[in-house]
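Visitor: My questions all concern the structure below.
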Amino acid sequence: MAKLELRGVGKAYGATVALRQGDLEIEAGEVHALIGANGSGKSTLCKIVAGSVRPDRGEVLIDGRAVTVRGPEATGALGIGIFYQELSLARHRTVAENISLPRLPRKGGIFVDRAAMAAIADRHIALFAGVAGAGFGADVPVERLRPDQAQLVEIMKTLASEAAILIFDEPTSALDRAQAERFFEILRERKRAGVGIIFISHRMDEIFAIADRVTVIRDGETVGTARIEDTDPTAVINLMVGRHEAASADAPPDTGGEDGRASQSAAQAVLAVRGFSGPGFRDIGFAVAPGEILGFGGLHGQGQSAVLRAIFGALPGASGEIRLNGDALQPTGPRATIARGCAYISGDRSRDGVIHERPILENVTPIHFLRNRLGLAHPARLRDKAAPALEALKTKFAGFGHPVSSLSGGNQQKVVIARWLIDRPAVILLDDPTKGIDLSAKADLFALIRDLADEGIGIVLYSSEDAELLANADRILVFNGGRVTRVLSGAERTRHNLYRAAYEAA
Amino acid sequence: MKGAPTAAAAGPAGLRQFLVRFPFLPALCILIVLLALNGIFEPRSLSFRSLTGIVSTYLALMMLAVAQTYVVYAGDIDLSVGAIVSLVNVAIVALLQQMGGGGLTVLAVLGIGLAVGLACGIVNGLVVAWLRLQAIVATFATSILFTGLALWIMPVAGTPAPAAVWRTYGGRILEIPFVFWAVAALALVLAILARTRLTTQLLAVGDDAVRAYQSGLPVTRIRIRGYALCGVFAALAAFCVTGDTASGDPLVGAKMTLSSVAAVVLGGCALSGGVGTVTGSVLAAVIIGLINSLVYFVGTPSEWQNLVQGLAIIVALMAGVLVTRWARS
């Protein structure tokens with residue numbers, strides 16, 4: 001009987017299906033790897049087991065008995081421990097406090113048993129003795145630690161649950177070689193002790209080093225499980241790619257003129273970047289030719305967004321050379337780059353785009369105001385400027401005076417995009433622009449982007465959806481660990497090549 | 001635990017770590033400076049008598065700053081603490097007036113006062129953590145509710161408290177003023193509370209509520225407990241007010257609410273939660289008291305006193321915040 005079993009688990013957020021069909025079986029004493037592309041539903045699956053997301057349907061069984069995980073509080077009693085990819089640490093608390101936080105040892109009813117807490121901390125810190133690095137200790141607040149050290153604390157916290165089922169959602173992303181090796185030794189030990197382990201990683205070599213079985217999840221569906229000795233990385237990637245691969249059908253039809261475009265010299269480029277480094281990326285170089293859509297691909301958070309935000313001037317601490325139409329651009333801040341003709345469209349509308357509760361007209365015109373230094377403006381004339389921009393995107397709205405929050409997510413995003421179209425920019429940076437918008441809005445958006453490219457505007461598109469990228473970008477830079485590891489152009493732009501480059505060890 | 005002596009030896013980096021470990025240090029320095037200034041402008045102000053006076057006047061604010069601290073730990077805020085002080089003040093004075101001022105009766109009535117404070121705190125906790133209303137607005141609303149109750153109990157100020165109350169508060173035990181015993185007791189209680197699971201859990205919730213939830217902490221219950229604790233300390237503050245003013249006043253606490261918030265910030269707490277010490281809040285409450293007395297001793301004309309007080313508090317806040325920011329950078 002399986003230690004943990006998921007049967008037909010599904011979860012949707014409104015119209016967005018995060019997990020369609022999750023079926024998974026974990027045996028006691030097994031490391032079970034879970035692999036899948038961006039947004040395929042791995043983390044949702046884990047959070048359902050951990051109780052922080054409630055499934056819409058399906059069953060979770062532990063030792064053959066159906067259970068309802070009522071919330072993270074209940075996982076302790078059920079014997080489930082989870083490592084959160086985004087970490088669950090209290091930054092100002094010490095390492096020792098964080099390790100024991102879910103189950104602070106008790107003394108005299110209400111007090112923290114500090115001695116017991118220190119003992120737990122020492123025991124778990126000892127597991128990583130010699131590899132944790134300088135400045136690591138039980139009394140150090142987590143905010144003082146390096147990212148890899150914080151990740152070790154989250155690992156220790158998960159191990160300290162002493163649970164019979166452990167889930168690790170990308171536990172090694174910040175660890176160095178020695179730390180990861182040590183972690184794998186500990187996992188093997190736990191495995192021998194009969195613990196069932198779910199292990200999520202994007203590193204193929206790690207999965208083949210530690211896992212007993214691997215399950216592939218694609219588009220919210222678990223599509224296959226194999227014993228590790230019966231499979232190989234190519235087979236796993238093929239399973240991840242699935243039927244999509246049916247040739248490069250999803251590549252843009254026209255590839256004729258594009259090799260010529262790509263080889264144009266940097267002098268003719270709309271946007272040329274050289275030796276660009278900053279927080280989360282190193283030594284990035286590329287050139288966007290007029291009329292070209294340059295794609296950024298790879299796994300989530302490999303530096304793609306950071307590069308775009310840094311060019312736009314919204315992420316301080318970057319250095320390198322940026323040329324816009326041949327002239328040097330200093331990204332000192334969004335105001336400066338907007339004045340030079342940069343446009344930045346973020347998928348995180350509510351944070352970076354929409355001015356909530358304000359009318360649609362005010363949401364379309366702020367860039368027009370800024371670029372023309374308008375102090376006063378005639379509302380009717382503004383409407384005349386805003387209307388064509390909105391129409392170009394087939395935006396559905398009742399009136400300029402309605403608040404932008406009355407629109408659907410897709411139409412809100414169109415409003416945000418429209419504000420850049422009144423005065424044509426030189427370059428448009430798209431940072432995962434289609435997050436949470438429906439298919440028809442996506443189609444409208446990409447049709448418009450292609451038109452803008454044909455007008456000669458340079459376009460950089462980062463998308464976490466590989467299909468979007470393959471269908472719309474003329475060239476794709478694959479990011480891995482903050483660097484561009486591969487450039488795919490022409491017929492090379494296939495899902496297979498994209499995954500292979502993204503999942504290789506950096 | 002490592003000891004204190006490394007601060008000077010290790011240079012700025014060591015000093016920073018020291019400040020992060022003991023976030024109330026800036027408040028302590030400001031306090032010492034203020035004591036010195038008070039002494040310079042009015043030597044008699046450092047006499048035992050006048051220090052006792054300052055403590056008896058500002059013990060209530062010290063208690064209230066402590067009350068506010070536990071809520072701020074969790075990233076919440078309580079704008080009803082002053083109203084709770086008023087409500088408990090009039091409740092106990094009214095009860096004592098009806099039941100007489102005997103020793104046991106007083107103790108029983110104080111017990112009821114604590115229960116009232118606790119109840120108010122739990123109401124706040126339920127409204128904020130369970131109903132998930134914005135803490136700042138919800139506790140503003142409950143403050144009106146509590147003030148309404150206080151006005152219903154005692155429509156006008158001026159009912160006197162029995163002699164047993166203010167004689168004890170202003171008196172001495174074993175030749176040491178009662179208020180100093182109270183401060184010692186407060187220190188002991190705070191030391192005990194600092195070792196409880198609740199304190200660590202409140203700070204973890206204030207650090208990041210989502211992460212605390214994901215770690216399996218009962219976030220809602222923890223926040224309600226924080227408000228309950230706050231209510232209890234607000235009731236203690238009301239006892240001090242009653243002892244100091246010797247009367248009931250349905251609006252006595254109103255002006256103390258924002259002072260308690262100022263004290264918490266000055267004491268090194270982050271209003272976003274997760275950082276701070278009760279020690280800092282207590283010291284900062286005394287600082288606010290000393291600023292008021294200093295403004296008086298310097299001989300500020302009465303029409304300028306508020307303005308100078310305000311400026312002095314801004315300067316103190318700025319000094320504290322700048323040092324803390326430097327330490328954390």
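Each residue, glycine too, has its Cβ placed from N, Cα and C.
So TrEMBL says this about it:
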- B:20-41: transmembrane segment (TRANSMEM)
- B:53-73: transmembrane segment (TRANSMEM)
- B:79-96: transmembrane segment (TRANSMEM)
- B:103-127: transmembrane segment (TRANSMEM)
- B:133-153: transmembrane segment (TRANSMEM)
- B:173-194: transmembrane segment (TRANSMEM)
- B:224-241: transmembrane segment (TRANSMEM)
- B:262-295: transmembrane segment (TRANSMEM)
- B:307-327: transmembrane segment (TRANSMEM)
Visitor: Could you name the stretch, out of B:20-41, B:53-73, B:133-153, B:262-295, B:307-327, with the greatest number of CB pairs under 8 A to the transmembrane segment (B:173-194)?
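Guide: Going through each listed stretch, the top one turns out to be B:53-73.
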Visitor: Taking residues 6+ outside the transmembrane segment (B:79-96), which of them lie with a CB under 8 Å of any CB in it?
Guide: 60, 64, 67-68, 105-106, 109-110, 112-113, 116-117, 120-121, 124, 136, 139-140, 142-147, 149-150, 153-154, 159-162, 165, 230-231, 234-235, 237-239, 241-242, 247-257, 260-261
Visitor: Applying the under-8 angstroms CB criterion, which one of B:20-41, B:53-73, B:103-127 scores highest with the transmembrane segment (B:262-295)?
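Guide: The stretch with the most contacts is B:53-73.
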Visitor: Using a Cβ distance cut-off of under 8 Å, indicate which of B:20-41, B:53-73, B:103-127, B:133-153, B:307-327 has the most pairs with the transmembrane segment (B:224-241).
Guide: B:103-127
Visitor: Considering only Cβ pairs within less than 8 angstroms, which of the stretches B:53-73, B:103-127, B:307-327 has the most against the transmembrane segment (B:133-153)?
Guide: B:103-127
Visitor: Counting only CB pairs under 8 A, let me know which of B:53-73, B:103-127, B:307-327 has the most with the transmembrane segment (B:20-41).
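Guide: Answer, by Cβ pair count: B:307-327.
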Visitor: By Cβ distance under 8 Å, which residues at least 6 away from the ends of the transmembrane segment (B:103-127) in the same chain are close to it?
Guide: 78, 80, 83-84, 87-88, 91-92, 95-96, 133, 138-139, 141-142, 146, 162, 164-165, 223-236, 238-239
Visitor: Under an 8 Å Cβ to Cβ limit, what residues of the same chain, 6 or more beyond the ends of the transmembrane segment (B:53-73), are close to it?
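Guide: Contacts with the transmembrane segment (B:53-73): 81-82, 85, 135, 169-170, 177, 179-180, 182-183, 186, 190, 199, 202-203, 205-206, 226-227, 229-234, 236-238, 240-241, 243-244, 253, 256, 259-261, 263-264, 267, 269-271, 273-274, 276-278, 281-282, 284-286, 288-290, 293.
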